[in-house]
Amino acid sequence: MDGEELLQDGDMEASWSLLSWMASLLMVFGGSLPYVPQYQDIQRSNNSEGFSTRVCLVLLIANILRIFFWIGKQFELTLLLQSVLMILTMFAMLHLCCTVQNTNRVSTKQHRLSDLDLRYFWKWSVFEDYLLFCFGFTVLCAVVTLLLLDSAMFVETLGSLAVMFEAMLGFPQLLQNFHNGSTKGMSVKMVMLWTAGDVFKTVYFVMNDSPAQFWVCGSVQILIDVAILLQVISYSQDTRVKLG
């Protein structure tokens, strides 16, 4: 009987380890998955107007800060890997948007980071300018982190800033939809995957006793996701009324 109980315990432990491994794998790749349908939509339509590139700005800042937060307070390696993959994904999205916008541009006038024109911040014409901005921001974070790494208050503030930015990832898209008066060009699949992913990761954070900043961030993200989905419903109804 004792042998059977030990065998059952071993099977349960193996099953739990497998589930835990799969959950970690989903956490690493799941954050980037929603951008696949949006990437495909932009490629197919050769138009990036419906997608807010400021989503990329928010996620790049959030994940760069999260990497430095990890240096000061080493939480799950899964979340660190997720941040690295998310940064690469955002660069891929920006590269595609720049390519499409340059193809469709009527004017030969280009906006560059070196112009130092705040009106065109994050609306630059060349992908390399986005890389340069992120490099400069990373160097700044590295210097400040090295100077203040021994301060627990600084490390916690860094974590709070990282999750605060991440919590706002859907907000630029919400504003873009409002400004356009439409959700045309925005992948609804992307937002639905955002919602599913945010629910999953919020539960993951709670179950794994991650720092409180993470599950608070997840909860805010869910609310913004729901607001965008309500925009999809509202604007589609407005379209039907106009066509009627």
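A Cβ is built for glycine as well, from the same backbone N, Cα and C atoms used for every other residue.
Taken from TrEMBL, the feature transmembrane segment covers 20-39 (among others).
The feature transmembrane segment is assigned by TrEMBL to 51-71 (among others).
Counting residues 6+ beyond its ends, the transmembrane segment (77-100) has Cβ neighbours under 8 Å at 24, 27-29, 31-32, 35, 38-39, 42-43, 46-48, 51, 53, 56, 59-60, 63-64, 66-67, 70, 124-127, 130-131, 134, 210, 214 in the same chain. Annotated transmembrane segment per TrEMBL: 77-100 (among others), in sequence order.
Feature annotation from TrEMBL assigns transmembrane segment to 130-149 (among others). Counting same-chain residues at least six beyond the ends of the transmembrane segment (130-149), those with a Cβ under 8 angstroms from any Cβ of the stretch are 56, 60-61, 64-65, 68, 71-72, 87, 91, 94, 98, 113, 122, 124, 155, 158.
Positions annotated as transmembrane segment by TrEMBL: 212-233 (among others).
Sequence-distant neighbours of the transmembrane segment (20-39) (same chain, 6+ residues past either end, Cβ-Cβ under 8 Å): 51, 76, 78-79, 81-82, 85-86, 88-89, 92-93, 96, 186-187, 189-191, 193-194, 197, 200-201, 204.
Sequence-distant contacts of the transmembrane segment (51-71) (same chain, six or more residues past either end, CB-CB distance under 8 Å): 38, 42, 79-80, 83-84, 86-87, 90, 93-94, 97, 122-123, 130, 134, 137-138, 141-142, 145, 149, 155, 158-159, 161-163, 165-166, 168-173, 175-176, 185-187.
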